[in-house]
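Per TrEMBL, the features are as follows:
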- B:16-194: domain 'Prephenate dehydratase' (DOMAIN)
- B:Thr187: site 'Essential for prephenate dehydratase activity' (SITE)
- B:213-289: domain 'ACT' (DOMAIN)
Protein chains: 2
Amino acid sequence: MDAGFFYLQKFRTMKKIAIQGTIGSYHDIAAHKYFEGEEIELICCANFEDVFTSIRKDSQVIGMLAIENTIAGSLLHNNELLRQSGTQIIGEYKLRISHSFVCLPDEDWKDLNEVNSHPIALMQCREFLNQHPQLKVVEGEDTALSAEIIKKENLKGHAAICSKTAAERYGMKVLQEGIETNKHNFTRFLVVADPWQVDELRQHHTNAINKASMVFTLPHMEGSLSQVLSILSFYNINLTKIQSLPIIGREWEYQFYVDVAFNDYLRYKQSITAITPLTKELKLLGEYAEGKSNI
Amino acid sequence: MDAGFFYLQKFRTMKKIAIQGTIGSYHDIAAHKYFEGEEIELICCANFEDVFTSIRKDSQVIGMLAIENTIAGSLLHNNELLRQSGTQIIGEYKLRISHSFVCLPDEDWKDLNEVNSHPIALMQCREFLNQHPQLKVVEGEDTALSAEIIKKENLKGHAAICSKTAAERYGMKVLQEGIETNKHNFTRFLVVADPWQVDELRQHHTNAINKASMVFTLPHMEGSLSQVLSILSFYNINLTKIQSLPIIGREWEYQFYVDVAFNDYLRYKQSITAITPLTKELKLLGEYAEGKSNI
C-alpha cells in the first residue's frame, strides 16, 4: 500500500469500501488484496450505480469496480458511470479469476439440475456449461450471493459458479475448480473516490503516480487521433489502453478512453496541457500508481 | 446490395447464410436486411464457432456475426474467432436492437414467474428485469429460440425476451415493447466469407470498397502506435474504430483492432504497405463497403 493510504489511516479507524456483490465475491477478494494489511469495512451493493451512490452519500467511502476483463472485454457501462460520477480513480488491481462449480455439502453431480451465477461468470464458463446441458442456467445478481442463497435456503439440486473463497465462506462443496473456458481470465478493478478525498491522498504520494486514465472526444477527422498520440509520444508518455466508442447521435464524433503510463509526473502534466486544445471535453478520470496483481 | 453480390447471384440460385441463432433472431433480421431483395437460405448455428465451421465445410457459405454492440461493447471472442478463422469480412450491417417481453397468447403479467433469453439480451434489459424481481432470469441459447421453445412446449408461466419479429413468427403475445434499458442499442454485424469467394467478389466491386478491418501487434514502446497512426493520416486514411487488447503472456506487447475508412482504394493499399514494417503480425480481416443500417 502506498504512503497516501497510511496517511489516511491515521485519521480513520477503518476504510469503508463499496463493492458490487457480497462477501466472497471477486470484488471482495480484489478489495482485500488491494488493501492488504488494512482493516476494511465492506459496503455490499446490488449494482454499480449503488457503488457510486454510496460515495455520493458519504465522501469517505471508497469504491471498487471491475472495468475490464480479458474474456468479457470492457465494462462500457462502468466506464460511463465513472465518467458521469465525478469520482476519481486512485488505484487499480488485476485479479486472476478462477471459477468453481459448487453445491450443497450433501449433494453430488447426479443430484444437480440447475446452476446459478452472475451472467458474466456464466459467460466465462460457457464451455463447461455446454458439457452439462442438463443444467438449467439461471442468472443471479452475484457469484457469491448465488452460493449463499443455495446454502441458506437449502436449495436441493442447485449448483453455483463462484470463487473457491465464496464456497469456503458459505460451506459449499467444490465439485470442480478452474471451470472457466479460458485460463487467461483476468479482471482489472479500479479503486475510485470522491475528488475531495483524492486531493488529500495526492499530497502524499505524487511520486508513486505513474498511470492516468482519461476520456476525450475528437472530431472524425483524418489524423485528429494521430496528432494527439504524437504529442503524447513527444512527451514520452506510453499508451497502455485505447478504446474508441462512437457517440450515438453525434455521427462524426468519437469518444476515446485512453490509459497512459509515465515515469515523470511533470512531463505527463505538460503533455495533458499540450493535447487539451486538440481534444474536446477532455476529462481526467484519475492519476494513480500502476496496479499490483495476484498474477 | 452492391454489384458483386448480383454477379454472384447469377451463378447460385440461393445464398447460404450461417448465423448464430434461429429464425426470428437478430442475426436473422440483420441477414435479411443486408441481403434485401435476395433469396437466402439460413443455416442456424448454436454458437459462433459453428458459423465458422459451416464456412470451413462449404466455402460457398457466408457467415453473419455480431461484432460489437453500443451497450454490451465488443464481442472480443468473435474478434478472436474471426482472426483465427482465415475468413474475410465482405460487408457489415448496423441494426437497431429493440427487445419485446412476450408470453403465451392465453397468459398475462400475473401468470409469469420466469423469463428466458440470451444472456446479452438479458443484460440489455437489466432495468426492466430489476423492476420485475418476481421473474426468475434463465439464460437460453438465443432470443428467438427462447420464444419458440415456450410456444412449442406450452411452458406456462414463462416469458421470453426477443424481437417483435420473433414474437410474431412464433405466435407469442407481446406484453411490452422497447424494454431495453438504453434506447441507443445498436449491434454491428459483419458478413464474412471464405477467402476464395471474396476474391471472386472483389474483382467486381473494388470501387465500392471504402472500409477495412485489421489487427496487428505492436511493441509497448513510446510512440509505436502514434507512428502507425501518423502514417495512416499522411495517406488520408480515417480511423473509425480502435481497440487495444493486452496479449496475455506477452507482457509488453499489445494487439490492436483497427477499422479504417477511405475514399481512395489505391492510397489505402499504399498505406498498408507503409505501416507493415512498423507492425508485427499485421492481418487484414477484410475490405468492404461501409454498412447500411436501419437506423
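Cβ coordinates are placed from backbone N, Cα and C, and glycine is handled just like the others.
TrEMBL does not curate its annotations; it predicts them automatically.
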One finds that other Cβ atoms within 10 Å of the Cβ of B:Thr187 (site 'Essential for prephenate dehydratase activity') number exactly 23
DSSP tally for the domain 'ACT' (B:213-289), helix/strand/coil in that order, comes to 25 helix, 34 strand, 18 coil
When pLDDT is averaged across the domain 'Prephenate dehydratase' (B:16-194), the result is 93
